[in-house]
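Trainee: Please read through the structure below; I'll follow up with questions.
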């Protein structure tokens, strides 16, 4: 069995090569970013989805290290087949889907000897399905896995069902044994830990907007237990907004993570409807200027703030991304509080 450090070094080397190739195919948002340096590259999802029905160009590199005769079961340059192992309801509208790869002798993919896979935070995986008749137009959508960063087992996703969501309805209708095609992972933000040493990181999330945030939160909490924590962010704060207390996703896991972090992770839940037992960490209300002002580090402390949620929340807190998925101008409450584009990243 590979040791974790060996897994990380091998997977990271491959991921770096792949990320460079993937980013060469996308548009980079750049500009002044204060002490943070150049803003990280972000995927242009419109271009990404157009390409997704086929394969990436020859520039894109797969992550197949071919250890022990195996090959990675998830690649950024080709679709691979996965089957649903388990689907459980997290809320009335959100399911936890557990998928595992399907062995493919022709491609050399063997599940038992697969190379350990790295899903860098913050990354997405593309799903592709063809509903209806064979001639139907493929549906492609990105989702953020909530699995550990390093894994050679199943991948887990949270999927919220929307009335008009073609892919979300397809995924909610899947039964164990049903198959779907995946491609990835693709980084939405390049987080270089040493560039954020002693910096406070804040996540403002709504609903399933938690999922990309959770990738980085989980990774940083785990790494905080390793040597040299002073080279990492000083504190993580999650502000998680939902309509009701019952709709708070993964609350037990989040609370356990915070309790085991020795104060490194601080979580605040905010719900529209009155909670059963309100308290300092669980309050009724919506994300407001006063609420954020009382909980965010001030701009002069140079925090990094990630925002991810439904359109209405994005409009209120940071302003939306542009139609072509660039960051766009900072607006909303965060701009009013004195933060700049160097402090905020919209996911």
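Numbering starts at 1 and runs along the chain as it is shown here.
Note: Cβ is positioned from N, Cα and C throughout, glycine not excepted.
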Trainee: Looking at TrEMBL, which one out of 130, 151, 179, 211 binds FAD in the same site as 141, 142, 143, 158, 167, 168?
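Mentor: Site partner of 141, 142, 143, 158, 167, 168 for FAD, according to TrEMBL: 211.
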Trainee: List, in sequence order, the same-chain residues at least six positions removed whose CB sits under 8 Å from that of residue 167 (FAD binding site)?
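Mentor: Non-local contacts for residue 167 (FAD binding site): 127, 129, 139, 140, 141.
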Trainee: When the domain 'FAD-binding FR-type' (77-192) is classified with DSSP, how many of its residues are helical, how many are strand and how many are coil?
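Mentor: DSSP composition of the domain 'FAD-binding FR-type' (77-192): 11 helix, 54 strand, 51 coil.
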Trainee: Looking at FAD and its recorded binding residues 141, 142, 143, 158, 167, 168, 211, figure out the farthest C-alpha pair and report it in angstrom, whole number.
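Mentor: Site span for FAD, by Cα atoms: 17 Å.
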